[in-house]
Amino acid sequence: MKLHPLSAVTRSLQRGLVAASFAFFVTAIGQVAAPELLGSFGLIAGLFVLLFAVGVAYGVAYYYRFEYTLTPDTFDVYSGVIGRQEREIPYRRIQNVDVTESLFHRIVGVAIVQIETAGGSQTEATLNFVAADEARRLQREIRDRRARAREEAAEAETAETSEEATVEATAPSETRHADPEAVADRLSREGDLQPEATLFELGSAELLVLALTSFQLASVAFLLFGFPIVEDLLVGLFASVTGIEAPVDALTGTPDLAILVGLLAVAFGVVTMWAVSSVVTFLQYYGFTLGRQGEDLVYERGLLQRYSGSIPTDKIQTLTIQENVLMRALGYAGFTVETAGYSPGQSEQGPQSAIPLADRERTLALARELEPFDELSFTRSPRRARRRYAVRYGLVVLGLTALTFGLSVAVPAFGLWYLPLVLLVGVPPAAHLKWKHRGYCVGEDHFVVRDGFWTRKTRIVPYYRLQTVIRQRTVFQRRLDLAHLTADTATASLLGRQDATAYDIEADAASDLYELNRDRLQASLHGGD
């Protein structure tokens, strides 16, 4: 099977323009090295046309040489013009099949299909692009064949174990192989036997709350690049608030005025980032639905750019309940999952939202459908940990004050060096809130930790998913008899972070939890014996 014909058009134009751009570099170099040779406009235009034609020809040849096919056991891709590449991707190794449709794709009726495999650091195969109906068919077929391949592998392993236990050692065993054509026929007939069951749909009210309570990193980039454009607007806003109409140089003529303008700029930036985040979140999660098909969670979302993909439940390592301060106040929460080997949206190096936002009790109920954890009852850090946080924050404020005092010595006109001392008022409540929202919970089958005030994250780690247990103590923690305990999973190690950490707990409790987690891990590996 081949890609959509529109793929040949777009790829040919892209390759042609890339090749033709080489003519400009040759011209620029030639004007310095040999201006008499490249002084003719006709020669330059001819070189441009020639390279453009070569690029277009290569794009067309690539289209005709690119093929993909579904076999009984593998998804095969054949590509390459000069160097021929043949890839066979076993269904059992496929982790996810993502379908992406931008606004342009939806208008012309095409989509991009990306196939990810377990343990892969990049996309294994990309079909750019196929008809939208064909993309949905491929996604469904591959999911069903992957599920069947895993079932057959499990059945074969069970049968082999049973056969080894019952057949006499002298009797040779006969290995039976399934007929590939029969397997393909059965998979084709059984492809629709697993209808998708809808688990969650993001309603209009929930989408609005999510948009108004979320923060997107894209808003920071928008602010950095957009600030020069709105600089005049900011100055006008300052003039309307203060009644001072003056040019920018006058408003920032003294250090004190510069600080006031800076504070106003920060406030303006916060409002701008909030507005941009709301728009981006609305576009990203519009029409979000989560369903279950076999052993996979399937999702679809997006307004201008539509995404659909799956989350393999048998690869889930960690569940995370997320509640920022606004969500908690309104009684909402969301949860994300991280899978081993591949995290959907891997290019963004982040976990995948299973439920972006819902009522907190409903979120917990949906999370328990994936991992049936117990009721959460957290043990907080000892109160001396709160004192540790207060000292830490106080030292930060004093250090900032020392910097501003040094600035006032260097710049005599600057008289607000004491302004950071106002932050000392917020040190006790900040330390208390940090301490209040930290804790851990030891369940029968899960280890749970909680951390964060602005965005509180509750991480749920099944014992059978543990990779290692780490106990840490700094010099300052030894003086207070405190320690950190981290439960590492495959995903946390892959992404280079230690997520499920119980911070500043009793040193003796950390030692007990260290041994307990190791014992529970061994028990889960041996089937609870």
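Using the three backbone atoms N, Cα and C, a Cβ is placed for every residue, glycine included.
A TrEMBL annotation is a machine prediction, not a hand-curated record.
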Can you say which of 147-187, 311-351 is given as region 'Disordered' in TrEMBL?
147-187
When TrEMBL marks a stretch as transmembrane segment, which of 96-116, 390-410 is it?
390-410
Contacting positions for the transmembrane segment (390-410) when only residues 6+ beyond its ends and CB under 8 Å are counted
255, 416-421, 423-424, 427-428, 430-431
